[in-house]
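K.L.:
A single structure is presented below for examination.
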Amino acid sequence: MASALKNLSDYNSDNLVDITEKKFGLLVAEWNKAITDTLCKGAYETLIKHGAKPENIIRNTVPGSFELSLGAQLLAQNSDIDAVICLGVVIKGETKHDDYICHAVAQGITQVSLKYNKPVIFGLVTTNNEQQAWDRAGGKHGNKGVEAAATAIHMLGISA
Ligand code: DLZ
């Protein structure tokens, strides 16, 4: 099985861009807050490590992952912001709520990305249980917040 790109060093350096003057919107859902805070820390530290300035990382929270789409739109419409990183954790329950939320967010942030022509990153961890979510928030499957930030930086390097 192909392994996921986890760090910027996994990307082709041709696509990398200097992010010292780039502005990022970091949008974090508060459901499963302990886990989303860990994703957020991973994303934030990755941006800083690769040259972003702390004052250029605008962090906002939304109540739950369902609200990520509107939150992303509110950030993306700001012409100062170059990329938006959406982070959330949706854990399967007894009903199909997880399906509805995940599909809505996937569609919503895709629309925002295409409407505003800027990267809006899908950093949604969707799992069957809490342990699987922790496994992806600094556990055995890495930190998806780090991957989301690396993806944003990579996308900023795409040019026509
Ligand atoms: C309602 C709900 C449920 C049941 N589960 C989650 C979840 O696992 N992860 C998450 O981020 N949000 C959840 N929510 C909240 C919804 O995303 C949303 O905030 C509410 O339905 C209000 O629109």
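Heads up, the Cβ atoms here are built off N, Cα and C, so glycines get one too.
Look at TrEMBL and you will find TRP31, SER65, PHE66, GLU67, VAL89, VAL90, ILE91, PHE122 tagged as 5-amino-6-(D-ribitylamino)uracil binding site. For GLU94, THR95, ARG136, the entry in TrEMBL reads (2S)-2-hydroxy-3-oxobutyl phosphate binding site. Look at TrEMBL and you will find HIS97 tagged as active site, proton donor.
Help me picture these features in the structure, burial and contacts included.
P.N.:
In sequence order, ALA29, TRP31, GLY88, VAL89, VAL90, ILE101, CYS102, VAL105, LEU124 are the residues near SER65 (5-amino-6-(D-ribitylamino)uracil binding site), counting only same-chain partners six or more apart with C-beta under 8 A.
For THR95 ((2S)-2-hydroxy-3-oxobutyl phosphate binding site), other Cβ atoms within 10 Å of its Cβ number 8.
Counting only residues at least six positions away in the same chain, no Cβ atom sits under 8 Å from the Cβ of HIS97 (active site, proton donor).
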K.L.:
Using a 10 Å cut-off, grab the number of neighbouring Cβ atoms around the Cβ of GLU67 (5-amino-6-(D-ribitylamino)uracil binding site), all chains included.
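P.N.:
A count of 21.
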K.L.:
Which residues in the same chain, at least 6 apart in sequence, have a Cβ under 8 Å from the Cβ of ILE91 (5-amino-6-(D-ribitylamino)uracil binding site)?
P.N.:
ASN32, ASP98, THR127, ASN128, ASN129, GLU130, ALA133
K.L.:
Taking DSSP as the reference, which of helix, strand or coil describes VAL89 (5-amino-6-(D-ribitylamino)uracil binding site)?
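P.N.:
In the DSSP reduction, VAL89 (5-amino-6-(D-ribitylamino)uracil binding site) maps to strand.
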K.L.:
Under 6 Å from ligand 1 by C-beta, which of these binding-site residues make it: GLU94, THR95, PHE122, ARG136? Sequence order, please.
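P.N.:
What lies within reach of ligand 1, judged by Cβ under 6 Å, is none of the binding-site residues.
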K.L.:
Would you count the other CB atoms within 10 A of the CB of GLU94 ((2S)-2-hydroxy-3-oxobutyl phosphate binding site), including those on all shown protein chains?
P.N.:
5
K.L.:
Of the binding-site residues PHE66, GLU67, PHE122, which one has its Cα closest to the Cα of THR95 ((2S)-2-hydroxy-3-oxobutyl phosphate binding site)?
P.N.:
PHE66
